[in-house]
């Protein structure tokens, strides 16, 4: 539209007053007048073109942001980055802590389940109890200490059914029953009276009990016999 306006103004330039006063004198005068008009039109066209370029430069310069505006834009950009970093910190860190807490709680529950509801590896389960079936031969006192180190006790008998089950697993093993002498009753390692019958109890040197296939028998406490451990769930 601006170019059209410039061309329009050039085409409608007012005639030169000097040229209006002059009267054409023949062909030579007409040619001179025409040349003057062309020269005048070219000068006006160049001037209009220069004005248009200057206006265009001024228009573009107005669109460019000034130094204070650039500073404000930079500050706003920094503030936005800080806010985004804060949001990420607020969202990510708590979720990470919650996940770690959940994992820790899960591990704790798993450990409790293994301790309370399941037997350790290489142990067998029977009637809510865990049993360690040993292969080493030790004295009664050494067997007692070995089971204590495993957070359990030397094998104990609660009923006849359990006795039959254990006698099938092992032909002979120490149990947690003893007496101070042949004149004292048989007691468990917890100090409770033992109710089941033990054979050969008249021998004064046999003050520790052994589980065998055919029942319970007394034996010398210093003998080397296989031991088993028991841990109740």
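The backbone N, Cα and C atoms fix where each Cβ goes, glycine too.
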*Candidate annotated in Swiss-Prot as N-linked glycosylation site, out of 27, 103*: 103
*Of the ranges 2-24, 48-70, 71-93, which one does Swiss-Prot list as transmembrane segment?*
71-93
*residue 180 (N-linked glycosylation site) has how many other Cβ neighbours within 10 Å of its own Cβ?*
9
*asked:* As a quick check of your reading of DSSP, tell me how many residues in the domain 'C-type lectin' (118-231) are helical, how many are strand and how many are coil.
replied: 20 helix, 44 strand, 50 coil
